[in-house]
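*Asks:* Sharing the record's features from TrEMBL:
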- 20-41: transmembrane segment (TRANSMEM)
- 61-80: transmembrane segment (TRANSMEM)
- 92-114: transmembrane segment (TRANSMEM)
- 126-149: transmembrane segment (TRANSMEM)
- 170-191: transmembrane segment (TRANSMEM)
- 203-222: transmembrane segment (TRANSMEM)
- 234-253: transmembrane segment (TRANSMEM)
- 259-277: transmembrane segment (TRANSMEM)
- 298-322: transmembrane segment (TRANSMEM)
- 334-362: transmembrane segment (TRANSMEM)
- 374-400: transmembrane segment (TRANSMEM)
- 412-430: transmembrane segment (TRANSMEM)
Amino acid sequence: MRFDRFQASSVTDMKKYIGWIVFGTLFFYLLSVAMPFFLPVATVLAWLCPFLTRENLTGNALAQALVLLLAGAGAILFSASHGVFLGWGRIFSINVPLLAMFVAVSFLCLTNPVDKEDDLPKGNSAAVLTGVGLHLLGAIINLSALFIFGDRLRKKEALSREQMVILSRSFTAAAWWSPFFIATGVAFTYAPGMQWKETLLPGVIMSGIGLCFSIGEVCLFSKKKFSGYPLKKESLAVPLFLAAMVIFIHLAWSKAPVLPLICLLAPAGTLLFMKNSPRIPAVRNFIDNSISSVTGPFALFLAAGVFSCGIKSLMLVFPSLFSLTSATLSPELFATFLGIMILAGIIGIHPVVTIAIASPLLLPLNPDHSQLGFLFLSSWAVSTCSSPLSGVGLVLVSRFAISPGAIIKSNLPYAIAMWAIATLTNNLFFPV
């Protein structure tokens, strides 16, 4: 009885410091880049986060995390009994850099623009400014931008179908190119030789096509006059500055690892552009009271890492069973995998799960890792805007009262079109 009481008390005490545990994941990961012996500390802190916030884990994400964790653990134990073991460090820490990036980018919400009660602009120009503005702002501050734009647009009336289309597609299209999107971190992890500068141009082209497709659909085929977000020029200062910094550093020093670079630039950019003053107390308050909100995806990402290691272990035990007949990542194979991954995302399987499955299947083909990264980015960009069960979809359903059926119906033609265009773009930039 005393032990149970002590255990409960210890967990309660640790929950008081959950914000600093989350921050510790980022801090010790950055230290581990120069001093690898700190990585186990970051790993332990990362796994503590979903344990301490487990009461917040519900629904589809919890179910997927449990299935992935149990399946991955089973595969690892089975493989170990056949003489194949990847090592506990690799198994538990494979996705820790992604979570550190997630924490780093969360600080950028402190740079959110102040929402003023301006009248909503209307017409085609409003659709263009809303789409481009959300795309650029969301590329840096991520989901916070969707909340800012969506909350402002629905103040007087519910979001229209046209507004939902612009919001969902403009935001997720940034996954094709933004280094601050978690999709890029996933691509670097599961296509480890990917060069960001090689995916940047095709990614920008794809996001541009996606924006033009969506804005054109709203402007040309909608009978309603579009009500947009009252965008100010100063709102774009943060995304443009940080994107320019990443591009400049990466082009000047091509060997600079992008994930640690983002983990450094995001908090630094926050201190430079944040609205609160004095800055340090505001950052401390954010860590104490708000940063723990980013722990939602921790369980899913950590479980996906275990599952991916399980798949890799099984492939080493039964290499012939997982061998693909294609000798290369051919255009046909690219199109097939992309289509399957998009479809899986639409029905509710998180992109990190499909990527964790696809990566060990495709890496033995010795593909161009930048091409593989482009595949993963494309699957993320298309599936997340088309599914009511993705992070973006859940926001639209729960916060803005958009029906799940409307999300799928409105975005299915877009998903098919972007699948075809991404396949053609792959053929153009990554010819076999």
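Cβ coordinates come from backbone N, Cα and C, glycine included.
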*Asks:* Can at least 3 Cβ pairs under 8 A be found between the transmembrane segment (126-149) and the transmembrane segment (259-277), with each pair 6 or more apart in sequence?
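*Replies:* No, the transmembrane segment (126-149) does not contact the transmembrane segment (259-277).
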*Asks:* Please check if the transmembrane segment (203-222) comes into contact with the transmembrane segment (412-430), where contact means 3 or more CB pairs closer than 8 Å and the residues in each pair are separated by 6 or more positions.
*Replies:* yes
*Asks:* Hey, which bits of the same chain come close to the transmembrane segment (412-430), Cβ under 8 Å, at least six residues off its ends?
*Replies:* 165, 169, 198, 201-202, 205-206, 209-210, 213-214, 217, 331, 334-335, 338-339, 342, 346, 368, 370-371, 374-375, 378, 381-383, 385-386
*Asks:* For the transmembrane segment (334-362) against the transmembrane segment (170-191), do we get 3 or more Cβ-Cβ pairs below 8 Å once near-sequence pairs (under 6 apart) are dropped?
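*Replies:* Between the transmembrane segment (170-191) and the transmembrane segment (334-362), which are separate recorded stretches, there is contact, as judged by 3 or more close Cβ pairs.
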*Asks:* Six or more residues beyond either end and a Cβ under 8 Å away: which residues meet both conditions relative to the transmembrane segment (374-400)?
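*Replies:* Residues 60, 143, 146-147, 150, 154, 158-159, 164, 167-169, 171-177, 183-184, 186-187, 190-191, 199, 202-203, 206-207, 210, 297, 329, 334, 337-338, 341-342, 344-348, 350-351, 354-355, 358-359, 362, 407-408, 411-412, 414-415, 418-419, 422, 425-426, 429-430.
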*Asks:* Please give the sequence-distant neighbours of the transmembrane segment (170-191): residues at least 6 beyond its ends with Cβ less than 8 Å from one of its Cβ atoms.
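*Replies:* Residues 94-95, 97-98, 101-102, 105, 108, 130-132, 134-136, 138-140, 142, 145-146, 199-200, 202-204, 206-207, 210-211, 214, 242-243, 246, 250, 258-259, 261-262, 266, 297, 308, 351-352, 355-356, 358-359, 363, 369-370, 372-373, 376-378, 380-382, 384-385, 392 contact the transmembrane segment (170-191) from elsewhere in the chain.
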*Asks:* Under 8 Å between C-beta atoms and at least six residues away from its ends: which parts of the chain pack against the transmembrane segment (234-253)?
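*Replies:* Same-chain residues near the transmembrane segment (234-253) but 6 or more away: 108, 111, 113, 133, 136-137, 139-141, 178-180, 196-197, 200, 261-262, 265-266, 269, 273.
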